[in-house]
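Worksheet: one structure, shown below.
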């Protein structure tokens with residue numbers, strides 16, 4: 001009974017034995033070889049293929065046949081015919097060359113009159129090391145601790161530490177002179193908006209004038225804006241005037257006051273496009289062709305009658 005566990009242990013060790021491995025770097029040449037156990041039989045053919053289903057070559061006598069886009073420039077077969085060892089050399093290794101390579105022997109007995117062929121195969125694993133593996137190992141072996149983030153709002157900002165201060169855009173200060181009682185507010189903005197559409201283009205130019213408000217003069221400057229819209233039917237120009245006093249109130253008060261339009265005028269100008277001229281030209285050409293056709297038909301009928309009349313008079 002003790003022999004059975006020993007036998008099972010030996011079988012498990014045999015099947016657990018990994019394939020022979022060959023480790024190379026990218027760009028190097030790798031030589032793979034395997035020996036056959038049956039040295040008495042006659043080798044009919046040897047083969048190399050890469051798992052799972054890629055045939056590299058078949059060798060019979062001095063003939064070597066390559067498959068699956070493999071060539072002798074990439075893989076050279078260095079084994080003499082009917083040798084105990086079969087060898088291939090893979091040149092200029094790439095990452096795609098890594099994998100399990102299998103060599104196979106097809107043998108027959110010289111004294112056997114039957115066509116029985118024995119088969120032996122052996123596997124070798126090729127490992128291609130890339131330069132990126134060491135870099136990945138260094139990155140993975142480093143610290144994976146990420147800095148903690150807080151969503152709490154700080155109570156104050158220390159201006160002495162420049163690295164922790166954010167640049168905040170603030171409006172220009174308003175100058176208030178107590179003696180003169182003069183408030184000066186200056187607005188400067190240029191806005192050009194262009195809108196492109198299938199029917200045409202729209203362009204808006206707005207340039208508000210500076211506003212100066214004094215207690216003594218209380219001068220208010222109106223803002224005039226022109227809007228030009230070009231469409232397929234024509235060009236529409238709109239002129240609007242806005243009282244800047246509302247803008248002054250909006251700046252000084254917390255409540256927002258909408259802008260007021262004092263007056264507006266609209267002018268429409270018709271415009272002809274190339275399509276209209278094409279239609280007119282087509283209609284004119286059609287009329288001319290119709291007139292020519294009518295003339296030709298009339299001429300043909302009259303000429304035919306004239307010939308018929310002359311023929312009858314001759315008879």
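Glycine too: its Cβ is placed from the backbone N, Cα and C atoms.
Straight from Swiss-Prot, the features:
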type	residues	note
DISULFID	34-103	disulfide bond
CARBOHYD	37	N-linked glycosylation site
CARBOHYD	69	N-linked glycosylation site
CARBOHYD	112	N-linked glycosylation site
CARBOHYD	161	N-linked glycosylation site
CARBOHYD	254	N-linked glycosylation site
REGION	194-213	region 'Disordered'
SIGNAL	1-16	signal peptide
TOPO_DOM	17-279	topological domain 'Virion surface'
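Structure with Swiss-Prot features highlighted.
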residue	record	CB count, 10 Å
34	disulfide bond	23
37	N-linked glycosylation site	8
69	N-linked glycosylation site	7
103	disulfide bond	24
Rounded inter-Cα distance in Å - residue 103 (disulfide bond), residue 37 (N-linked glycosylation site): 13
Pairwise Cα distance for residue 69 (N-linked glycosylation site)/residue 34 (disulfide bond) [Å, integer]: 23
Helix, strand or coil at residue 103 (disulfide bond) [DSSP, three-state]: strand
Assigned conformation of residue 69 (N-linked glycosylation site) - DSSP reduced to three states: coil
Secondary structure at residue 37 (N-linked glycosylation site), reduced by DSSP to three states: coil
Confidence summary for the topological domain 'Virion surface' (17-279), mean pLDDT rounded: 64
